[in-house]
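Colleague: Straight out of TrEMBL:
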- 3-51: domain 'Cadherin' (DOMAIN)
- 52-156: domain 'Cadherin' (DOMAIN)
- 157-261: domain 'Cadherin' (DOMAIN)
- 262-371: domain 'Cadherin' (DOMAIN)
- 386-483: domain 'Cadherin' (DOMAIN)
- 496-521: transmembrane segment (TRANSMEM)
Amino acid sequence: VEMVLQKPLDREKEELISLVLTAFDGGEPQMSGTIRIFITVLDVNDNAPVFSQSTYTATVLENAPEGTVVTSVSASDADHGTNGRIKYSITNSLDQAHVLFRINETNGGIRLIGKIDYETARNYHINIRASDDGGLTDSCKVIVEVVDINDNKPAINMMSKSNMISEHSKLNTVVAMMNVQDPDSNENGKVHCFISDNTPLTIVSTTNNFYSLVTDSELDRERASEYNITVTCADEGVPALSSSVTLTLQISDVNDNAPVFERSSYEAYIVENNTPGLSIFTVKARDADWNQNARVSYILEDSSVNGVPVSSYMSVSADSGVIHAVRSFDYEQIKDFQFRVKAQDGGSPPLSSNVTVKIMIQDQNDNPPQVLYPVQTGGSLVAEMVPRSADVGYLVTKVVAVDVDSGQNAWLSYKLQKATDRALFEVGLQNGEIRTIRQVTDKDAVKQRLTVIVEDNGQPSRSATVIVNVAVADSFPEVLSEFTDFTHDEDYNDNLTFYLVLALAVVSFLFITCLVVIISVKIYRWRQSRILYHSNLPVIPYYPPRYSDTLGTGTLQHVYNYEVCRTTDSRKSDCKFGRAGSQNVLIMDPSSTGTMQRIQSEKSILDEADSPLE
């Protein structure tokens, strides 16, 4: 047995893998054996060290003694063993950082090894590299600020302040006023003040040593309900010293937010035939405002489902948002519907929002299967014929059934409940096909009766039965002779033979009638052709050179060409001397014994009884 890796392993995610291998033999009964396999994933150097920060900041007083710890950096490596061992180093080469600072290559601590001078450099940018034993690296930057020395801090005196302000306050609204004094002189006594970042406030100098704290952007209580504002004032001495004070400012609420539902839409399922008043699920909306402005109530919006008000289907609790079913549902009548729920807050004026709720009715197995084929009639007998030459697997018929339920409640299975000969037929479990399971023999009875039960897959399951009559015979008369006594217990119709004989007689009558009509038409046409073209007298031979060519294509000159017309059953012969063939028309009257010739230019009638034409 070969075990193949299907996807790459990652030791950092899973170091130990436990597998159970089971082997089965082909015997009967089947035997098996198992073994547990433990796989230890070995580490490879596929992870570089990673610093906890890309930029570190640190401060150090000028004239600080050597050996002073400035800061420390840290990096981690997800690998194991030597692959995860990290060494730190400073990579600066063009400035004084590698001369003034040294880093501990094991723990990343940065120490001062030279003399810091504020006037020479107020800050240093130290490039730190972390590398593992496999050669993978990461880098970060350490910014070291050099602090100048000063002996007096500025003193901040808060003259007035507001602890609360409305979130709809206008820009430049004054929040606090303060006076700042520094006892130092000259540059060391000059003070500037600033506040912490990420606040919608700013500090403005009004007059000498007086400052105002004002709003510089819109306030939003829902984003921040209060601010802790730190005002810092620093002198300009060398080194500079600073002082700070913290103010707490609360934002009062205004109803400026509509309720927001937790979902953009809701879908819920309910099983049909439910109890009226059943709690289905809960819609939930939240209002970012506060107190009364955030109190949410739920309302079912007016709509209709199939022409019926939705309130006759569902109801919603105004306080909790719980949706209840007002009536019992039937999956076969309605499968799903939707409506809207409105959430409204208690502000003045109130704000609202709505959401679409879709209810899907789940099917219960409350309908039995319905057999479509074979059709079960009250008195007639329907039988499927199977020839005695049928082989194994011969398709006799197929039972077709449907279930108006859905899902697994409509999955049907077919079973043979009773049969005249169980060893001859079987029913397909899924498709309902009735097939032979052995070769049909002459000993098998002609009349076979099968009772098939159709069951759905519901819990509990429902079923229907159908009786299939099978005739094992090679000819239809054999079936009739055998099934004449199959009337009462097998639901055959007494009039079946009568209807079959009647149908056969009608078909035979129509066939004979059509045959007689065809023969009559043939005879009529034959007699007509005999009257026009035939006679019992000898047929006069045809001599082309002795007849005139009325179309002008004969061998004689036109003045000597003749056209002779004779009736085979008359004693008269009519001759016409023709000039141009296109000017002579011969008309024959089939009802008379002679012929009449009409000549347009000149007429010449010869009456020579039974005399040949020379």
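Including glycine, each Cβ sits where the backbone N, Cα and C put it.
Since the structure is predicted, the reported quantities are computational estimates derived from the model, not experimental observations.
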Colleague: Using DSSP, what's the helix, strand and coil tally for the domain 'Cadherin' (157-261)?
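Modeller: Taking the domain 'Cadherin' (157-261) as a whole: 4 helix, 57 strand, 44 coil.
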Colleague: In the domain 'Cadherin' (386-483), how many residues does DSSP put in helix, strand and coil?
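Modeller: With helix first, then strand, then coil, the domain 'Cadherin' (386-483) has 12 helix, 43 strand, 43 coil.
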Colleague: Counting by DSSP secondary structure, give me helix, strand and coil numbers for the domain 'Cadherin' (52-156).
Modeller: 8 helix, 48 strand, 49 coil
Colleague: Give me the DSSP three-state residue breakdown of the domain 'Cadherin' (3-51), ordered helix, strand, coil.
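Modeller: Tallied per class, the domain 'Cadherin' (3-51) gives 0 helix, 20 strand, 29 coil.
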Colleague: What are the helix, strand and coil residue counts for the domain 'Cadherin' (262-371) according to DSSP?
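Modeller: Final tally across the stretch: 7 helix, 52 strand, 51 coil.
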